Each structure stands twice: as structure tokens, then as C-alpha cells.
Amino acid sequence: GDGCGHTVMYQDSGTLASKNYPGTYPNYTLCEKKIQVPQGKRLILKIGDLDIESQKCESSYLTIQSSSTLHGPYCGNVMPVPKEIILDSNEATIHFESGSHVSGRGFLLSYASSDHPDLITCLERANHYTKAEYSRYCPAGCRDIAGDISGNIGEGYRDTSLLCKSAIHAGVIADELGGQISVTQQKGISHYEGGVANGVPSHDGSLSDKRFIFTSNGCNKSLSLEEGFLSKSQVTASSYWEETNEFGQLFQWSPDKAWLQVPGLAWASNHSSNREWLEIDLGEKKRITGIKTTGSGSLMLNFNFYVKTFTMNYKNNNSKWRTYKGILSNEEKVFQGNSNSGDIVRNNFIPPIVARYVRIIPQTWNQRIALKLELMGCRIMQANSSFTHSMWQKPSQSTETSLGKEDRTVTEPIPSEETNLGLKLTAIIVPVLIVLCLFLFSGICICAALRKREAKGLSYGLSSAQKSGCWKQIKQPFTRHQSTEFTISYNNEKETPQKLDLVTSDMADYQQPLM
């Protein structure tokens, strides 16, 4: 039978394990997988665990075959395997075979391309490292590997936690892709609070000597709070439930109660169908990196309402609604929501959503659709000058093209404040330099004309004198029959538009040079 177990393979990294890992692998089984990375790169493998019941590797063993070399066979549980195997090609075949045995976990290995020499396996924990700060590369496929984590993204994680699994829980990397993580070790705390995030459960943890946190870009602030106060974002819904209790009191489960920071009732729909939705208008386009959800609340003892799964739609001004899709597929992504009405569950958007309007569309629920939420992310620094705009966005050919471009998720860098400042300074300095050059050029021409007039005794106002001066030496590309003024203007957030008249004349018998 198929002896292959957990397998996640992406173009640049992946994870493989034997069937039932870390439980006992089956008798008389075979697993053979071909792995590869892009052309021109070498394959790096790391075996995280090897426990194959065999002493001489006769009937049960693991081999790694590249284009020119056979590595192995490997067996036993003493791990006589190199910590790292660097192959001379970009592909290899993993071959695992088993005979009759009583016990044995089998194997677990990770691989990546030579672009990631700091590759680690899914089984490495933070207490394996002593440095205060370090960076490592996590392979794709570590979310469902057995192993506990304790803590959360806010307070940090207990140092006994699996590194890569914790990074997925924190929303630093996506399980489908893997990625680089940057870790800082700090002094431990007395208690670690767990919770579910991105499909990974984190357990409460006790006192530890050390803990670790992940370095992030800082775009994970609450979008429902502005300077400590509830934002003015508009919340609407397809419908809401009006409940009348046994005493005749009316309770409205309206959409304005959907914010996580608002105590009391949640939003609940009047109907139970997957056509119900909750919409949030953030007031402007923002970068949304995650969402926290909960149900009707632990204080509402009479109700046990919550959303089990949901999808996300988003749009910008005057554009159509778009569905948030998975990283590796073109299909609608279904997010795992709550499993009870009281706990808070977090899901991160990788890549983030850049939009003004978002809709949460429940797919499955318990008893009735009910939801409280909080969006996380940050504002987008937009350049005010047309010069900055042209540097980061190509001019659209039509309104439809422009709307289409602003509606997509982030796949390109967003200019930082430092970049905007540099562009603004450039927009100021360049016109100033042009003005100085023009003044210098005008001064030289005037001096030459005066000297020529003094030398020949001609009147400065004559047409012949002007044509024999500096202007005559410049090729005239066009004829201008009336006076004009050369104007430099720029648009800057802190400066009002400036106008500078460089040349103004009523004379029509000479031509101005082309600048």
C-alpha cells in the first residue's frame, strides 16, 4: 500500500513524512516521491526524525536518489544521518520501504532550494537555540505536524514551542508557502495564554525561563479603534434579528453591535442562509492583514450562536465585489471560524487585502448566524504629488482599468514614508536647479549683448543688434510671434503652487530659445 503520509510540496520547499507519523508506520509498505526545486538551484534536505525498525536496512530503510548519487540506505533510530544533505542537482527521489515490524515512527524530512541555506525542519523548537536574535527558513507544510505550542503573537511563545508551527499561528508565514522568520528571545513570563489562529491551536502554558517573539512589519493594529476610540467605520448587514423575550422586551442584534470591543449582543442575521453578509466600510482604502471573530458571547447563556466557516469579499469605490482566493489555487478560500460562542479566533490574510469595503459571508454556523469581529491592518501612506504617483502607478487607459488595479490584493511593495519624503524633496530640488541655470544663462546672454553694443556703438533696441547677439548663435527651432512666459510649478503637500516668470517681453522681432 501507499506508505506516504503527510506531504506538502511547494516550488521552493516542502515536507514529507511516512504514513501515520509520528505513530507506527504500516507493515510491508512503500512510499516513493519525486521532489524538485527550480532549475539552476541545488536541493537541500534535512531529516528531522528517523525511526525505522531495522538494524541492517535489509527490508526497512530510507534512500535518497539524486541524478548521480545514492544517499543511504538509512534505518534504525540512532540517526546516523547527516544533519544536512546538499545534492548536486535540483531533484531527487525519496524511497521508503518497510517489512514486518513491531514499532517505529518512520521518517520526517524537509527540503528547500539552495536559496535557503538556513533551512530548518518542522520539529525544531526555540530552546534549541541560544542566540538572542536569529533568522531561519521554515519549509512549507509544518502546520499539521504533531507538536504543541503555547502562547500568542501579542505576548510571545513559550520557548518549548515548535518554531515553524508558531510562525504559522502568528501569521508570519503561510503553511502553503513556508518562509523566512526572524526571532527574538526574551525573558519568560509566568503564564502563556493560548488560542486558535490560522487553523493552529495554541495551548495555555506555564512559567518558563525564556520566550520568543517574531519580528513583523507592524501592520497588525486594530482597524476598529482609532486613537483608543471606536472608529466611525460604517457597518451594515443583509438583515438582523429582532428578538422578543418572554417578558415582551425587544432586543436588536443589529450590525453596529458587531465590533468586538462593543460589549453585549453580537450581530445576528434574521435568516439562516449563506447569502447573508456583514459589510464594513473603512472610510478609505486600507491594508487588511487579519480578522478576529467570536460568536454570541460567553455571557449570553441562553444562546450558542457562532459562525464555523466563512469567506471574504472586498472592493473599492465604484468597483465590483471580488472574492478572496487561496494562495496556490484560484478557488474561493474558506476560513475556519469558531468552534464555540465565546473564544476568539484569528485568521491572517497572506497576501493582505487592500480595500475600503469588506464583506464577511458565513458559510456554516451553529444554530443561528451570529458574529463579533475585529479587523487588523494599517493605513496606506499615499503620495500627494503627481510625481510620486507616477513613480508607483502607471497611468490607466480607462476608468475600468483603474478600478481593476486598485481592487487587487497586495502583490507589490507599498512605498514607505521615507520613500515618499525622498520623492517630494526631488520634486522641489529639481525645479530650483532649473531656475538657477536659467538665470545664469540669461545673465551671460545679456552681458554679451551689452559688450557687443558698446563695441559697435549700436543702439540696444535695434533689431539688427539683437540678432547679432547671443540669440543669433542659437538655432531657432520654431517661430513665436507674441510674448510668452516660462512657468515652473509643482504640487507639494506643504507648499502652495509657485510661479516664476523668467522671460517677459513685448518685442516680436526675435525668437526665444527652446529650453
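Using the three backbone atoms N, Cα and C, a Cβ is placed for every residue, glycine included.
On a predicted model such as this, the values are computed, not experimentally measured, just so you know.
The feature domain 'CUB' is assigned by TrEMBL to 4-114. Helix, strand and coil counts under DSSP for the domain 'CUB' (4-114) come to 0 helix, 57 strand, 54 coil.
For Cys4 (disulfide bond), the same-chain residues that are 6 or more apart in sequence and have a Cβ closer than 8 Å to its Cβ are Leu16, Ser18, Lys19, Cys31, Glu32, Lys33, Phe96. Annotation source TrEMBL lists disulfide bond at Cys4-Cys31.
Taken from TrEMBL, the feature domain 'LCCL' applies to 116-212.
The average pLDDT the prediction assigns to the domain 'F5/8 type C' (219-378) is 91. Annotation source TrEMBL lists domain 'F5/8 type C' at 219-378.
Under the heading compositional bias 'Polar residues', TrEMBL lists 393-402.
TrEMBL lists 393-413 with the feature region 'Disordered'.
Under the heading transmembrane segment, TrEMBL lists 425-450.
For the domain 'LCCL' (116-212), residue counts in helix, strand and coil come to 11 helix, 40 strand, 46 coil, using DSSP.
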